[in-house]
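J.: My structure is below; once you've seen it, I'll send some questions.
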Number of protein chains: 2
Amino acid sequence: MQVDSKAIDKFLVELLTEVGTRLREDSIKKMSVATKKNRNDLVTNFDKKTEQFINGEIKQAYPDATIVSEEGYGDLVKDMSGLVFFVDPIDGTMNFVKRGDNFASMIAAYIDGEPLNGAIIDVMDNEIYHGGKEIGLFINDRKIDNPKNLPLVEGLVDVSAPMALANKFAVQDVIKKSSGFRVYGSAGIIFGHLLTGKEVMYMSYLAPWDLAAGRVMCEAAGMSVVSIDDAPINMLESQVVIVGTQKVVSEALKTLKTR
Amino acid sequence: MQVDSKAIDKFLVELLTEVGTRLREDSIKKMSVATKKNRNDLVTNFDKKTEQFINGEIKQAYPDATIVSEEGYGDLVKDMSGLVFFVDPIDGTMNFVKRGDNFASMIAAYIDGEPLNGAIIDVMDNEIYHGGKEIGLFINDRKIDNPKNLPLVEGLVDVSAPMALANKFAVQDVIKKSSGFRVYGSAGIIFGHLLTGKEVMYMSYLAPWDLAAGRVMCEAAGMSVVSIDDAPINMLESQVVIVGTQKVVSEALKTLKTR
């Protein structure tokens, strides 16, 4: 199947620009809702309507593509053949609800199972990380260099809170060998940190739509994206994933206890 | 002793504005230094020269005041009588070195032991949180309202990484009752989150200069600032401190195991 990565990139950037505008408006509306229950209902509603909007735009531009998405408006995808889009309308929902910052919207395109394009918008900062192996990586219009291949001792690591606090897989041994531990609570935001070298590793249990865009871009930036048992990533299932510089992921895999 | 809180506020904002400009330049210079050792020496140097600059300006404007500061250019302060300034030139040094964002510079003024003025600059966002009980609270020129007195279940909490990972004082029981756990790695940045309601609690082992400005402003915003054994805060010693909404701190003190 022939696809034009540059055209998809342009499409994704325009789409996420519009999504960003809508979500910033939603974030302001949300603040005026008094009760917690009403606020939660409203956010669920924002999440669903954002996904419906994104999926609708994809279907219009790429009618033959299939869509894997969080809120249930996608397709029932059983294999990765052809052009497949992954959609996470609001990533970091708790940050959206409680903080009003550090949340993202993410879309990725894969072709016959291969990572092609990724795009993540840091909604409140209005910065779109986008690109892929063929076209390079950008923040908005600015091309970015690959981050340095730093070792664990030289960088900050972000591990999902439940995993870190429970010391699953002895992950605290990895954290202790690093420069320090951070928890930002949104995969999309953390992928931005990895792409700009602010952090050197992220480890979490991720659904396909949590991982898809970040995987495309981190691999394009020369980083490693592996499942914890070092098996190939399965884009149709959730799994524990380690993303980081090649040096850090190699060190982490040696340190983690997976059985 | 007569002091003018409004005049001190103006002085602190002007001083931190200049400090912010200098530190943003330093942050760019730092990136060009190749080796890790040279980079660390450079950062130590930035830290010291920033403190020397701040302390010099304070001494000129308030010659009779005493100064408690991190890097050793302050006074040997044995009691809190008179006008006492607390200075933390770069708070979140690891973020400064590794990320280039989420670090702060903080100054506070206390009079005869009582919190008077606080000022914290989020250097890269160029936002100055400042004010006190007498004059109210501001971000740059904008007056801010006090955050809501939310309970633990409705907010995000930030606990220092070593404390959270080791489950000191059974703090994970507090974390589990909250909406979620975040780690930002800079007291100054986190005080900003508390003042704007993005997080509802911060718990960490803090030195006087880590705590001084945040304490002034969080107390002025109606929040609680307590030591873990519920003893009065001692501004001349380091201690484990809990800062948060009144509801959250009360819940935390009931949940934490301190003996």
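Every residue, even glycine, has its Cβ placed from backbone N, Cα and C.
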J.: Given that TrEMBL lists A:Asp88, A:Asp91, A:Asp210 as binding Mg(2+) 1, which residue among A:Glu57, A:Glu70, A:Glu114, A:Glu237 does it place in the same site?
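T.: Only hit among A:Glu57, A:Glu70, A:Glu114, A:Glu237 in TrEMBL's Mg(2+) 1 site, alongside A:Asp88, A:Asp91, A:Asp210: A:Glu70.
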J.: Can you tell me the three-state DSSP label for A:Asp210 (Mg(2+) 1 binding site)?
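T.: Its secondary structure by DSSP: helix.
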J.: Radius 10 Å, atoms counted are CB only; among the binding-site residues A:Glu70, A:Asp91, A:Asp210, which position scores highest?
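T.: Result of the Cβ crowding comparison: A:Asp91.
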J.: Using the structure shown, find which entry in A:Asp88, A:Ile90 (the binding-site residues) has the sparsest Cβ neighbourhood within 10 Å.
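T.: Looking at the binding-site residues A:Asp88, A:Ile90, the Cβ with the fewest others within 10 Å is that of A:Ile90.
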